[in-house]
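If you look up TrEMBL, you'll see 45-69, 75-104, 125-145, 151-170, 182-206, 218-238, 250-270, 290-310, 337-359, 365-383, 404-423, 429-449 marked as transmembrane segment.
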Amino acid sequence: MRVSFVGMVERLAPAALRARLSRFAAIADNIVTGRDDRAVAQRMALTAFTIRVLSAVIAYVSQVLLARWMGDFEYGVYVVVWVGAVIIGGLACLGIQTAVVRFVPEYAARNELALLRGILIGSRVHGLATATLIGAIGLVGIFLFRDQIAGYYVMPLYLAAICIPMLAIGEIQDGLARGFNWADLALWPTFIIRPVLIIAFTFAALEMGAVPDATTAMTTAILATYLTSLLQMAALAYRTRKVVAPGVRHYRSFTWIAVAFPIFLVEGFFNLLTNVDILIVGQLRAPEEVAVYFATVKTLALVHFVYFAVRAATMQRFSQYYASGDRVRFEATVRDSLHWTFWPSVVAVLVLLACGRFLLSMFGASFVSGFPLIFIFAAGLLVRAAIGPAESILTMAGEQRICAAVYAGTFLVNLILNYTLIPHFGLEGAAIATSLALCLETLAVYLAVRWRLKLRCSILHVLGPRGTIRLAPRPESPS
């Protein structure tokens, strides 16, 4: 039985408010049940954001529990190692996890089922092979240089290397699910199931007498990651059988790699850009300070999740509309994505500024010292939200090389700023460096979109009923 928001308003709302509320109810009905492309994109964005908010709560609670169970020092060690593992797991895909978001809807729209079947299998084989090789190199490297690594990092690093292959598989499967518009299958495993399993397995291990340290936490993270990726694999196989009939597979490995490699540079530099501060803080400061810094970053996750939810909902739309030359829908999707990113980000920042001190206190009394960092981070995040998922527009329009160059430059600036400011200003220096890098990245991406696509991708240009953005005519593809 379908719920009608319009019907609920007509039955329950006061007469004086009925006309006004009916308009919003009709919009809600269209988002929930509409079949046009905009409704599907809105529904996917809403689903993605809902899952991200739920996952933020789960992840936050799990981090609070881990911090309280392990203490500042061991939690700080775990944070550095786990963040490093997640970064390398994403890099190990060599960009294929984002390339599939472009190729899956293209192949489906053109009814090229043999290529669609090929990329469903080939992408994961590629990711597993490269990630396994990188993990093996990591194991050898840790063994050879173990005397130069602080003793409390060695065993967690070994475990992190073992985790890399399944982290990579999970990334690629997220991309495949997004390509099919399956937001739940793309986001639930990574952002809901895995953190729940990590905390459940850690609790069980501690109850059985395990030592509450980073090694125990990384062991449970391995178990949770492998189980989550295998469950997602089974669910993806079940769903794809319903929409892609069995048949011949064609592989265009060189084409996929040619597209994926610049995306790998984009994604790689983006991941490094957003996480390098944690790694440098881990290198230059004590684990206790890393714990405070990471807790503050996790507190700001709600703002990040707005961006990632909109990005997940619109990437395949950008690819589809640009590939088909549908300028009207492309521009409308850009306009919507800017609104969907900026205004919820403003609300999220205000909520966190009001509640940040309390949220940090949940980790422990010492973590409240990170509250001033929220103000510094908020400035950079709001500037970044003003251009929406602009780098996805570049990537899906085939301009991933420019995007990679932007992120490479921003990453180097971020690296220099962190190494310069952290020794003098501590955690505040890391926050300032990251916010300045975000502002630089925002300006560079905006100018790149303006230069290559003649598109004014900024919230300032879409205020009003129609906005002023326009897409340049698509250049002819060489035959």
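From the backbone N, Cα and C atoms, a Cβ is placed for every residue, glycine too.
Against the transmembrane segment (250-270), the recorded stretches 75-104, 125-145, 218-238, 290-310, 404-423 differ in Cβ pairs under 8 Å, and the greatest number is found for 75-104. Same-chain neighbours of the transmembrane segment (290-310): 45, 48-49, 51-53, 55-56, 59-60, 63, 67, 72-73, 75-77, 79-80, 83, 277-278, 281-282, 337, 340-341, 344-345, 348-349, 351-352, 356, 359-360, 363, 366-367, 369-371, 373-374, 377-378, 381, 384-385, 388-389, 427, 430-431, counting only residues six or more beyond its ends whose CB sits under 8 Å from a CB of the stretch. Between the transmembrane segment (151-170) and the stretches 75-104, 125-145, 182-206, 218-238, 365-383, it is 75-104 that has the most C-beta pairs under 8 angstroms.
Counted over residue pairs 6 or more apart, the CB atoms of the transmembrane segment (218-238) and the transmembrane segment (75-104) come under 8 Å in at least three pairs, which marks the two as touching. Remark: the transmembrane segment (125-145) makes no contact with the transmembrane segment (182-206), by the rule of 3 or more CB pairs under 8 A. Remote same-chain partners of the transmembrane segment (75-104), defined as residues 6 or more beyond its termini with a Cβ less than 8 Å from a stretch Cβ, comprise 66-67, 115-116, 119, 123, 126-127, 130-131, 134-135, 138, 152-153, 156-157, 159-161, 163-168, 170-172, 174-176, 178-180, 213-214, 217-218, 221, 256-257, 259-268, 271-272, 275, 278-279, 282, 286-291, 294, 315-316, 319, 395-396.
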